[in-house]
Every structure is written in C-alpha cells, then in structure tokens.
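Trainee: Just dropping this structure here.
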Amino acid sequence: MSGLSSEQRQALLVGPAGAPPVGMVSNLVNPPSILATGRGISLVFWIGASICVAIRLYTKACIIKQLRASDYMMLISWALCIGYMVPCWIAGNIAPGVDQWNMTLGDFITLLYYFHVASIIYGICIFFIKASILLQLVEIFGQQRDYFSWSCHLLLWTNLIFYLISLLIEVFSCRPVSKAWDILTPGSCLNTRLVNVVASSVNCISDLIILVLPQTRIWRLHTAFHRKLTVATVFLLGITACASAVVRLAYAVLLFKTTDNISYFSYMAGLWTIPEIACAVITGCLPSLPRFFQTVSMKGRFHANLSVGSWWRRERLPTETWVAKDSRPRDMPGLQGVFPDQYPLTAFASAPGTVDRTTRPPLRSFVHPC
C-alpha cells in the first residue's frame with residue numbers, strides 16, 4: 001500500500017471495507033446495527049456502577065469516616081471507567097455491530113483506532129478494579145499473615161505484571177504504531193488477535209480465583225450458617241463479571257478465527273467488556289452497601305420518632321410549656337442506647353474503614369453522618 005497516491009487512497013477509503021458474502025451486497029447507506037442495544041447496555045451498567053461507587057465513598061468518608069487504599073483504588077477505577085466510556089461511545093456512533101462489508105474503509109479504520117484506544121484503557125481499568133477488590137479482601141478477612149493474605153498479595157502483584165505486559169504489547173504491537181488501525185499504512189504487526197485470546201483467558205482465570213478466594217475464608221468463620229450464607233452470596237455476585245468475561249472470551253476466539261468480519265466481532269467483544277467492568281465495580285462496592293442502608297434506615301426512624309414525639313407533647317401540654325421544654329436540650333430515652341446490627345457484613349471484625357468493628361454502632365453515627 002506504500003505506493004498509493006492520495007487519489008487512490010481516497011478512492012479506497014470511500015469504498016466497502018470488505019467483500020460481502022456470496023449472494024449479498026454491501027449496504028453503505030443504512031446498514032443494520034445494534035445501536036439502541038449498545039446504548040442501553042452502556043447507560044444501564046455505567047449508571048448502576050456510578051451509584052454504587054458514590055454510596056461506597058459516602059459510607060467510608062461520611063459514616064465510617066476513614067478511607068483506605070482499596071477505596072482510592074476504586075475511585076481511580078471509576079474515573080478510568082468514565083474514560084473507557086468515551087472511545088466505546090464514539091465507536092458506537094461509527095459502526096455499532098455493523099458487518100465489515102456494510103461500512104466504508106474509512107469508517108473501518110476510524111473504528112479500529114477507537115478499539116485500539118479502548119483496549120489500552122481497558123487493561124488499566126481492570127487492573128485497578130481487581131487491585132481494589134483484593135485490597136478490600138485483605139482489609140476484611142486478611143488481618144492475619146496467613147495463606148489468605150499472601151494469596152491476595154500474590155494475585156495483586158501477578159495481575160500488575162500481567163496487565164503491564166499486556167499494556168506494552170497493546171501499545172507497541174505494530175511498527176509503526178499507526179499500523180494497528182490504519183491497514184493502508186506499510187509496516188508489520190504482531191498477531192494481536194491471538195494475544196487478545198490469551199489475555200482474555202488469563203483474565204477469566206484471574207476473575208474466577210478472586211471469586212472463589214473469599215469463600216475459603218467465609219465458610220471457616222465461627223458464626224451462624226445463615227450469616228455465612230448471606231456474606232458468601234454478596235461476594236458470589238461477582239459471578240456476573242466472570243460470566244461477562246467468559247462471553248467476551250468467546251467473541252475474542254471468534255474474532256481470532258474470522259478474516260472478513262473483524263468490525264462485528266470486535267464490537268461484540270468490546271460490548272461485553274461493559275457489563276464485565278461495571279459488575280466488577282458493583283461487586284467491589286457491595287460490602288459497603290449494608291452499612292449505608294442501615295444508617296439511612298436508622299436515621300429515618302429516628303427523625304420519625306422525633307416528629308411524633310414532638311407532636312404528642314404539643315397536643316398534651318399548654319403552649320408555653322412545650323415551647324419551653326422544646327427549647328432545652330434533652331436526652332432521648334430509648335435512643336441513647338445501641339441498635340442491633342441486622343446486616344451480617346457489619347458484624348465481622350475487620351480493619352477500620354471497610355467494615356465496622358462493632359455490631360452496635362453509636363447513635364451519633366446515624367444522626368450526623370456527615
């Protein structure tokens with residue numbers, strides 16, 4: 001392609017990106033796509049993940065009043081997720097699940113560029129999510145230097161090395177770098193589709209290990225069976241992220257095998273990274289949700305009791321009496337005590353900042369969360 005003139009290149013760019021199958025013709029005007037599906041999946045999962053991150057950070061900063069390394073990692077993960085959303089959204093504008101023969105070569109090259117950018121951000125994003133989850137597992141279950149703590153740290157460093165190598169391969173897989181998306185540029189590339197299959201396979205294995213690891217600790221806790229089951233279920237919800245990663249791996253294999261529909265299978269593989277990332281973020285935030293809802297519930301009941309009590313006194317006492325009484329600070333019998341913890345995740349001892357050490361938090365934690 002090095003000998004192409006500008007006119008020849010332009011003629012290729014406005015033509016179909018691939019030859020259609022036998023019996024079909026290219027549709028460059030209004031090709032079938034899955035734009036609405038892609039948009040819906042993106043918005044639902046990103047909004048859900050953002051809400052969970054906001055609840056987690058509020059709980060740690062305003063209720064427990066201590067942020068730890070896992071919380072900062074999750075905040076970075078969320079910011080990277082927003083950054084990842086940008087090339088994914090733009091790719092959806094260009095060719096959302098469009099067959100390669102139904103788009104121009106110019107659109108195909110642009111699509112490959114945003115796929116390349118998204119792939120780089122994806123690896124960084126996934127690493128920070130896994131780092132946050134592993135650090136949180138250490139904070140909750142790994143206070144002792146035993147097999148669990150060392151396993152979490154080993155996984156953390158293994159993922160760091162793996163995703164760093166993947167990042168370097170993704171960025172420098174082609175010479176020149178622009179060859180990764182511009183197929184008209186002369187140069188050479190590694191078999192990035194094979195690398196993608198290998199990376200996706202390792203990613204799935206890593207996800208499954210992180211999913212199973214906390215179960216080995218939970219079922220050894222000396223507590224009631226139903227409490228173990230509740231906590232185990234919370235961490236097993238991460239299976240949704242694992243399932244998405246497996247589907248993405250399946251599309252990566254199909255992408256590796258295809259030679260004439262790279263655009264479609266690349267988009268589908270990328271689309272499944274969205275529920276994978278979002279579900280992983282949500283899973284990392286789940287241990288903080290019970291404390292948040294417990295606080296909201298207790299605070300709501302406190303204000304309801306306070307309002308009813310004030311109304312009852314106003315009805316029974318003369319005006320001058322209840323005005324005088326309400327103007328003085330007083331104790332609230334029955335509310336100065338402690339409340340039982342109804343949520344198992346707040347009942348296990350952990351490092352400060354992730355799960356509360358006590359099962360009976362003081363009233364002020366519920367009345368003035370911030």
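Keep in mind that glycine also has a Cβ here, set from the backbone N, Cα and C atoms.
From TrEMBL, here are the annotated features:
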type	residues	note
TRANSMEM	40-59	transmembrane segment
DOMAIN	55-293	domain 'Rhodopsin'
TRANSMEM	71-92	transmembrane segment
TRANSMEM	112-135	transmembrane segment
TRANSMEM	147-169	transmembrane segment
TRANSMEM	194-213	transmembrane segment
TRANSMEM	234-256	transmembrane segment
TRANSMEM	262-289	transmembrane segment
Trainee: Please work out the mean pLDDT for the residues of the domain 'Rhodopsin' (55-293).
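Mentor: Mean pLDDT across the domain 'Rhodopsin' (55-293) comes out at 92.
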Trainee: Out of 40-59, 112-135, 147-169, 234-256, 262-289, which stretch has the largest tally of CB pairs under 8 angstroms to the transmembrane segment (194-213)?
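Mentor: It is 234-256, which has the most Cβ pairs under 8 Å.
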Trainee: When you scan the chain for residues with a C-beta under 8 Å from the transmembrane segment (71-92), skipping those not six or more beyond its ends, what do you find?
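Mentor: Non-local partners: 35, 38-39, 42, 46, 49-50, 53, 56-57, 60, 111, 114-115, 117-118, 121-122, 124-125, 128-129, 131-132, 135, 267, 270, 273-274, 277-278, 281, 284-285, 353.
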Trainee: Out of 40-59, 147-169, 234-256, 262-289, what stretch is closest in contact terms to the transmembrane segment (112-135), meaning most Cβ pairs under 8 angstroms?
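Mentor: Going through each listed stretch, the top one turns out to be 147-169.
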Trainee: Would you mind listing the long-range same-chain contacts of the transmembrane segment (40-59), meaning Cβ under 8 Å and 6+ residues beyond its ends?
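Mentor: Tertiary neighbours of the transmembrane segment (40-59) are 67, 71, 74-75, 78, 81-82, 85, 88-89, 92, 271, 274-275, 277-279, 281-282, 284-286, 288-289, 291-292, 295, 369-370.
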